[in-house]
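**Student:** Annotated domain 'BAP29/BAP31 transmembrane' per TrEMBL: 28-165, in sequence order. Positions annotated as domain 'Bap31/Bap29 cytoplasmic coiled-coil' by TrEMBL: 184-227. Positions annotated as region 'Disordered' by TrEMBL: 209-229. What TrEMBL records for 30-51, 71-90, 133-153 is transmembrane segment.
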Amino acid sequence: MHVTASSRVPATTPVHRLHLRSSSLINMTIYYSLTFLLLASEMITFCIFVAPLPFKVRRKLFRFLSESPIVAKIAYGLKISFISIAILFLDALQRMFRISTEVETAKHNGQGIQDVRTETSFAARKFYAQRNVYLTGFCLFLSLVLTRTFYIIQDLIHVQDEYAKLKKAAAGNSRGNVVADDQTKEIERLKKDLDTLKAQARSQAAEYDRLADQYNKETGKPVSDKRTD
């Protein structure tokens, strides 16, 4: 059977346009599905960040996230993906405004809105546009929240490390102060003992001088001059 040029389907037929529209919708569905997966992963990551983990586990986790080259490469790829999501957000926002304008125009003109199928089509398109706006918007917003939360917790870990170091230093200083106090008390005790010994030595020297003078008087020897301390 010979197919003439007139029997061929033109490239601009409604069937061809419907096929192109379906392909575009499939591609957009894939993009928004990936965006939803990214949003879910962000929610899981945020729950891990704010979970009541032990301090040592949290410190090791954030040290790995901040120092690992693999995580750095993943973060670079996510930055590029967030740029794409921002473009999708602007596109979805534009679609939502355009659909709202079309609905308002149809209501004012009174054309095409009386049909239930047309009204349902407008409502479905508006719903999908709003869903895409919320999906991409929340994904971008949560990325900012995650970034800020990561740096806040990292600063908190640094402050806790510094506090632990200062606490150890203060404990060492307090132990040194206790030792110094003990040494001061020992020095004071030794000083008192030394003063006691000096007093005893002076009393013994005075008693010795008295006995020597008495002995000299009894024996008739001349009393020698003694220097009193």
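Any Cβ shown, glycine's included, is placed from N, Cα and C.
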**Student:** For the domain 'Bap31/Bap29 cytoplasmic coiled-coil' (184-227), report the average pLDDT of the model, please.
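**Tutor:** Mean per-residue confidence for the domain 'Bap31/Bap29 cytoplasmic coiled-coil' (184-227): 73 out of 100.
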**Student:** Quick test of the contact rule: Cβ under 8 Å, at least six residues beyond the ends. What residues does that give for the transmembrane segment (71-90)?
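**Tutor:** Those are 31-32, 35, 38, 64-65, 132-133, 136-137, 139-140, 143, in sequence order.
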**Student:** Would you mind splitting the domain 'BAP29/BAP31 transmembrane' (28-165) into helix, strand and coil residue counts from DSSP?
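**Tutor:** Helix, strand and coil residues of the domain 'BAP29/BAP31 transmembrane' (28-165) number 127 helix, 0 strand, 11 coil.
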